[in-house]
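Structure, as structure tokens:
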Amino acid sequence: MNKLIVVIISIILMVGIVKVNGQTKINNRPIIGILTQPTDGDMTTFGSQYIAASYVKYIESAGARVVPILYDIDIKSLTELMGSINGVFFPGGGVDFNNQTVYTDTIQSIWSQVVEFNNNGDYFPLWGTCMGFQELALLSADNFNLLSSYNSENYTVPLNFTSLAAGSRLFSLASSSIMQSLASEPITMNNHQFGLSPQTYQQTSSINTFFDVLSTNVDRDGNTFISTIEAKNYPIYGTQWHPEKPIFEWWDQEVMNHSFDSIMANQYTSNFFVNECRKSLHSFSDPSVEASTLIYNYTPQYSESTVPDFEQIYYFN
């Protein structure tokens with residue numbers, strides 16, 4: 001990457017505001033796109049793609065609105081939508097990257113547009129949780145075959161922070177009590193079979209030159225996986241853990257910490273990401289088009305009997 005571009009982006013990230021004609025601009029009406037994914041099994045009865053409602057609540061709880069991004073959206077519509085929203089969220093899930101080329105084509109297009117926006121001084125954040133975290137790493141490497149297997153489903157642990165965490169954008173604004181909770185209490189919920197190993201990170205220059213590692217964890221078998229990342233020069237962030245689950249999911253077969261400390265710490269991540277999206281000045285030119293795209297046009301279904309992992313699910317066709 002051109003060194004001048006890197007310097008400019010770094011300054012924007014550090015300052016944390018956008019100036020237009022010398023005036024500081026903050027967008028207090030952010031709209032964030034959440035990517036859908038294909039349904040399978042019993043879920044196909046209700047629609048061909050879905051978003052777990054907990055991700056929507058997670059974004060809304062921090063003061064943003066949500067637009068679903070259909071994973072099979074055409075490139076023209078995606079480009080128009082990306083120019084109107086203020087950030088994108090890649091949720092967790094179970095997509096087989098090697099057998100879902102439409103899905104992977106879409107996340108690659110989103111990634112390319114996010115990088116291009118920011119290279120041009122157009123601040124645009126991207127967040128990935130669980131599978132979304134994995135997607136960020138794989139997209140930076142342009143290789144979907146870098147993940148390792150882990151014994152870390154239904155597994156709630158504290159974070160092992162690296163030396164970079166305290167000075168990172170993601171965690172530098174967190175209170176000492178939140179950092180202490182994250183580091184010492186079992187409040188970060190993991191639910192993944194695959195992950196990014198430190199060895200793969202170290203051996204893959206396209207990943208280790210793009211992302212800093214802010215935390216790691218060890219699975220039940222003693223194998224270390226990377227659990228939090230932050231792009232060095234872009235507003236791109238990822239957690240292998242699920243900050244939305246302790247706040248909004250209640251299945252008693254999943255080990256989730258619903259304590260006050262857990263809620264405060266996990267909610268911090270949403271507050272941080274939405275605040276990043278306030279720095280994006282994209283907007284819809286037509287209010288009626290904006291209204292027609294919002295998640296409010298859809299009704300979530302109570303899903304206890306079909307998919308107990310989620311309290312509610314939004315389905316799409």
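Including glycine, each Cβ sits where the backbone N, Cα and C put it.
Annotated active site, nucleophile per Swiss-Prot: Cys130, in sequence order. If you look up Swiss-Prot, you'll see His242 marked as active site, proton donor. The domain 'Gamma-glutamyl hydrolase' annotation in Swiss-Prot covers 23-317. The N-linked glycosylation site annotation in Swiss-Prot covers Asn99, Asn154, Asn160, Asn257, and the record cites sequence analysis as its basis. Annotation source Swiss-Prot lists signal peptide at 1-22, citing sequence analysis.
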Which residues does Asn160 (N-linked glycosylation site) neighbour through Cβ under 8 Å, counting only same-chain ones at least six apart?
Ala183, Ser215, Thr216, Asn217, Val218, Ser227
So which recorded positions out of Asn99, Asn154, His242, Asn257 end up within 10 angstroms of Cys130 (active site, nucleophile), measuring C-alpha to C-alpha?
His242
Glycosylation sites compared (Asn99, Asn257) - highest count of Cβ atoms within 10 Å:
Asn257
Can you grab the distance from Asn257 (N-linked glycosylation site) over to the residue listed as 'active site, proton donor'? Cα atoms, rounded to a whole Å.
11
Distance check, please: Cα of Asn154 (N-linked glycosylation site) against Cα of Asn99 (N-linked glycosylation site), rounded to an integer number of angstrom.
25
Count of other CB atoms lying within 10 Å of the CB belonging to His242 (active site, proton donor):
28
Rounded mean pLDDT for the residues that make up the domain 'Gamma-glutamyl hydrolase' (23-317):
98
Between His242 (active site, proton donor) and Asn99 (N-linked glycosylation site), what C-alpha distance do you get in Å?
25
If you count other C-beta atoms within 10 angstroms, which of the recorded positions Cys130, Asn154 is the most crowded?
Cys130
